[in-house]
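Each remark here refers to the structure printed beneath this line.
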Amino acid sequence: MTISDVPTQTLPAEGEVRLVDIGSLRLESGAVIDNVCIALQRWGELSPTRDNVVMVLHALTGDSHVTGPAGPGHSTPGWWDGMVGPGAPIDTNRWCAVATNVLGGCRGSTGPSSLARDGKPWGSRFPLISVRDQVEADMAALAALGITQVAAVVGGSMGGARALEWIVGHPDRVRSALLLAVGARATADQIGTQTTQIAAIKADPNWRNGDYHETGCRPEAGLKVARRFAHLTYRGEIELDSRFANDGQGGEDPADGGRYAIQSYLEHQGDKLLARFDAGSYVILTEALSRHDVGRGRDGIHAALRGCPVPVVVGGITSDRLYPLRLQQELADLLPGCAGLEVVDSIRGHDGFLVESEAVGELIHKTLRLAEDRSSRPW
């Protein structure tokens with residue numbers, strides 16, 4: 001696969017999902033995935049010079065549907081409604097916002113539930129991927145649309161890891177970046193929680209080593225447990241205790257075998273994910289997150305970050321227990337293009353980057369001002 005500036009496919013209509021064919025993709029591991037498609041949406045018009053693209057990068061279970069109502073092909077509303085649109089922080093009167101469903105996902109892009117060349121689901125044959133592979137796939141999808149440089153990359157959590165790989169691996173292709181609620185590498189705590197989630201899925205008898213897609217049975221119980229555990233790491237401890245304390249759910253009494261309110265809440269989160277996500281994708285993407293390390297093959301984190309010239313805004317959440325502030329502080333300290341850590345005060349934990357709209361919107365404004373400042377300079 002080579003990056004060309006000659007478009008071979010066209011941008012979708014605003015809000016429409018387009019499956020962009022990028023051909024074969026050689027992974028960081030050396031494995032090759034054939035016939036790769038990346039699901040892509042856009043909002044706003046592409047400028048004649050193709051220099052106003054803002055890539056919006058989703059987190060683990062997100063997709064390309066950043067904004068807009070639920071509807072055909074979108075079982076849920078946009079995951080960042082209010083951040084993209086006319087007059088929004090990513091103002092589509094000025095910018096062309098583009099989002100993909102990540103490689104390995106299950107919302108249109110090639111992943112374990114997709115059909116391989118033999119017409120059967122990839123399942124357990126789907127190779128291990130990395131965050132860098134996801135970035136290469138995104139870049140190839142943009143290149144197929146005639147876009148080889150972007151004004152900004154914006155992402156939180158796994159999206160933040162992708163944004164970091166964009167600016168370190170391809171600094172000549174991006175003018176600015178917003179890194180939210182992420183770190184330079186996966187920590188032992190993150191790897192521990194993530195491998196435990198994977199273990200829950202693989203312990204489900206319906207997992208069948210990942211080859212369950214044609215059996216009519218999915219590892220539903222395992223995926224729901226994984227999501228319940230993950231969701232605890234996404235929210236703040238104070239928030240959860242203030243909402244649920246040790247209360248029973250409705251009229252149920254935990255002392256008599258009834259459920260706790262927090263238990264019911266987490267069960268609901270598991271049910272919601274089950275309705276829209278594939279367990280195989282959950283495993284593949286979570287494994288990629290556990291291997292995230294921007295310093296791998298680049299003489300370590302310090303050298304990788306110090307060598308990145310891209311202007312960047314780094315933001316963290318005060319109550320984030322999955323990606324604590326010390327991880328964003330490291331990024332802010334080592335990236336030459338960062339003026340200092342931006343702290344969002346929130347009790348909502350890691351998910352603060354999704355729900356603290358006013359504060360995060362201001363960080364987006366700062367990021368796009370950096371892109372504007374560089375727009376008149378040679379790349």
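Even glycines carry a Cβ here, placed using N, Cα and C.
As recorded in Swiss-Prot, the features of this protein are as follows:
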DOMAIN    52-356  domain 'AB hydrolase-1'
ACT_SITE  Ser157  active site, nucleophile
BINDING   Arg227, Asp351  substrate binding site
ACT_SITE  Asp320  active site
ACT_SITE  His350  active site
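Asp320 (active site) and the residue listed as 'active site, nucleophile' are 11 Å apart (CA-CA, integer value).
Each of the recorded positions Asp320, Asp351 was scored by how many other Cβ atoms lie within 10 Å of its Cβ, and the smallest score goes to Asp351. Cα spacing between Asp320 (active site) and His350 (active site): 4 Å, rounded to the nearest whole number. Under the DSSP three-state reduction, Asp320 (active site) is assigned to coil, being neither helix nor strand. Sequence-distant neighbours of Arg227 (substrate binding site) (same chain, 6+ residues apart, CB-CB distance under 8 A): Gln197, Gln269, Gly270, Leu273, Leu274.
Counted within 10 Å of its Cβ, the other Cβ atoms near the residue listed as 'active site, nucleophile' come to 25, all protein chains included. The Cβ of His350 (active site) lies under 8 Å from the Cβ of Ser157, Ala181, Thr233, Tyr234, Arg235, Ile317, Asp320, Arg321, Leu322, Tyr323, each of which sits 6+ residues away along the same chain.
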